[in-house]
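Look at TrEMBL and you will find A:7-25, A:31-52, A:64-83, A:89-108, A:171-190, A:222-242, A:254-283, A:295-314 tagged as transmembrane segment.
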Amino acid sequence: MFQPLTPFKWLGILGAIIVMLLLPMVTQDTYLLHVLILAMVFGIFASAWNFVTGFAGLKTFGHHAFFALGAYGSALIGINLGLSAWLTIWLGGLIAALAGLFIGLPILRIRSMPHVAIVTLGFAEIVRITLSNLTDITRGELGLWGIPVFDGFTVPGLGEVVFSPADKVPYYYLAFALLLLSVGVITALMRSKTGLSLIAMRDGEDAAESLGINLTRQKLQVFVVSSFLVGVAGAFYAHYITILTPAAVAGVDLMILIIAMVLVGGLGTLSGPLVGALVLTILVEFLRDLDTFRMLVYGAIIILSVMFLPKGLVTLGRRWKRPPDAAATEAE
Amino acid sequence: MTIYLFIEQIINGLIIGSTYALIGSGIALIYGTMRVLNLAHGEFYMLGGYFVFYLAVTMGLAPWIAIPTAVFGAFLLGMAIQRTTIHFLFGREGWMFSTIAATLGLSIFLQNAALLLFGEQFQTVPYYVSGVVELGQVRIPAQRILIFAVSMATIGVMTYVLKYTRLGWAIRATSQDRDAAAVVGIPAERIYMITFGIAAALGAIAAAMLAPIYSINPWSGLPILLKGFVVVILGGLGSFPGAIAGGLILGVVEAVGVQVTSSEWRDVISFGLMIAVIWWRPWGLFGQKPS
């Protein structure tokens, strides 16, 4: 990820962006756009989780807490204070980032991976239970509804842009903008000195520290940025779906979905989480009729991908092209 | 609230805590031996509960036959799961993370398999013993005394096995140094399988004892897994005696906490306690501070 991108790769990225931008002009099928919007929200979540887990080597299993905090934070501010969704999604991200700071500090003091996994999972459960218990504020498992949608505006030359359930196109472009922003932030950070320190840390904490890298500060920065991005994704989701329940946004099932996406796509790669999010969101839609089997399939996907596809889909091509021994030296 | 009611709550906390200790010690045993964090441990508890239900209620066997059979079934299941998944990941590049991820996948897989096989209705098992034991004004149902007795006896047996039997020596030797153990002829792979089996059996014993007072359902694994995690954090991850103390402490803290707030905040109290311990003593209340 540190080699300068080849012209071929630049073309690939540009092509993907153009295809995504042009798609709503070809089809305005509500269902298709809805699936793609969800894939993009999950893509942001998956990229941000991968940023912490794949790049910074902090194996957290409780990132859905930040999704829920962003979603509920933004929705509640919007409902109670009447602020515009355009503002509250960033406030939602900020709330998630503060929570990330709070939980990041203690777990960064420990270097043991299982401790990090346990504490983040426990924290997410605290968030879920609190959201379902504070029924006066959140309406608990009955669901929080009446969440304001994004305000419309007028674009000169294009006419009025209205965010309504019937027209998915504005949501599609907004989700795409947030996705580009998130991936852009992560890529920029990975290509900066931070990124180099991260990789050094992941490959050998003691060695990195002996070279003067401040482990705690770097990791905390990544953790907070990642929580912020997940929070913004959650906030967008809240104003898009306009109904929230603790089980849907703070349940461990959501985290499992994201983990499956990243593992299938490729942990520790930039494009892996996006590919995984797209592939699995579409797969879910195919499985819609088999709803009872959905989570069973996710469980199986996680087990099979760590066993048989440890580096994910996006590295398959690379592995086929090169002889195994070359791939092995590259891994070192 | 009278003082007697308060004492009853503390005793109840210790009783429930003894089953948390069983769960925690299973997690600690696997982690201590293999350095694998088993996120599927709650499913051993959940499936153990169903095994007991089918043997004791559906088939109508006496509890003293049904429970040992269910526990043995869980032992075999634990070994089978280790052999078919963890075995292939262990020692490979990034195995510490891949085993956590795989057991998470296993957990969700087993939970939903149970949902399809057993349905979503909540099941329960009748009390194994009836009656109430009275100590002055403090009244404890005999069933709860039995829970405590069986949990403590199981922990006693496990401590004996780990300390004084050849199997226990082999498990401890493998956990200290796998290669050195292999040099003196201990089959590490087999020890890992047996360890997983024992941990699953411990989970099933906890499930059998709690089945009459808690319901058996496909979702019961995750909450108990998280309780087990709190226990191992309190006691120090991988420490068997720490897990026992941690379980009892958690039971009492929950019982008192629920008295102060209300029962829906029970889990928040235990996870809050865990995060507080992580802030204050990340190596656990009884663990050694790493140098």
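Along the chain as shown, the residues are counted starting at 1.
Including glycine, each Cβ sits where the backbone N, Cα and C put it.
With a cut-off of 8 Å between Cβ atoms, the residues of this chain six or more beyond the transmembrane segment (A:64-83) that come close are 45, 89, 91-93, 95-96, 99-100, 103, 120, 123-124, 126-128, 131, 137-138, 144, 146-148, 226-227, 230-235, 237-239, 244, 246, 249-252, 254-255, 258. Among the recorded stretches A:31-52, A:171-190, A:254-283, A:295-314, the one sharing the largest number of Cβ pairs closer than 8 Å with the transmembrane segment (A:222-242) is A:31-52. Ranked by number of Cβ pairs under 8 Å to the transmembrane segment (A:171-190), the listed stretches A:7-25, A:31-52, A:254-283, A:295-314 are led by A:31-52. Listed by sequence, the residues of this chain that lie at least six past the ends of the transmembrane segment (A:7-25) yet keep a Cβ under 8 A from its Cβ atoms are 33, 36, 169, 172-173, 176, 180.
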